[in-house]
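A short write-up of the structure that comes next.
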Ligand SMILES: [Zn+2]
């Protein structure tokens, strides 16, 4: 079960991993906490969004369905409303009723129910910082950690299904500095222009700490599916942008894996790992 904040996050964080496991016969369910109703349109071939949140939601539902098909996974909406990324100094208040403002138990209840119904062995989510400071990404971490902790407890979330205890919880490593640097240098060495220099500098300047990598999943055979899923989010992803700037051969040679941090395990496992189901295959 891969829990994400918005439609498109599943295609930019751990996408090739989910495609690989799905291809290998794992029943993979992507969970989208919100409908992405307040996402900016990032594809210059689309104009600014017209219509209300419902219109955007409908567009993004179609995009999400195409992305899930590209990855070969199932997908479920939790039904919360996008909080948007507040910008300015001071930051404006979050919009009323948005995901990040829902009290934790109320926000976690539908995910607990889904965990008890789908019964995942492994859950993935974001680290406590959200990976980047979007309020929905931080909230996604909080509800995932709560569901992982509480779904197996019969005294919690009573009336929300029979208890089920997931065995491992991971944090996605979306954009590790080491990965970006390796790819950036390889592009420069190949005599091409790299779009990542500025990104690396701004990230360094912000002193965003690198989190621990415990688990590397070999998944370059699934990069085509990952890219197809990204492109399916047509309003959100610039087809000439950042995500598609690395020549495939450079990417595969420099970085053929996706990375995770094991946040909790209820089965014995040895680190580092190369399989999200390490320790589970042996015991289940
Ligand atoms: Zn997001």
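The count begins at 1 with the first shown residue.
Just so you know, glycine gets a Cβ as well, placed from its N, Cα and C.
Remember, TrEMBL labels are computer predictions, not curated facts.
137 is the residue from 76, 121, 137 that TrEMBL records in the Zn(2+) site together with 6, 9. According to DSSP, residue 6 (Zn(2+) binding site) sits in a coil region rather than a helix or strand. Long-range C-beta contacts of residue 6 (Zn(2+) binding site), restricted to its own chain and to partners at least six residues apart, with a cutoff below 8 Å, comprise 32, 33, 34, 36, 39, 82, 136. Its Cβ placed at the centre, residue 9 (Zn(2+) binding site) has 28 other Cβ atoms within 10 Å.
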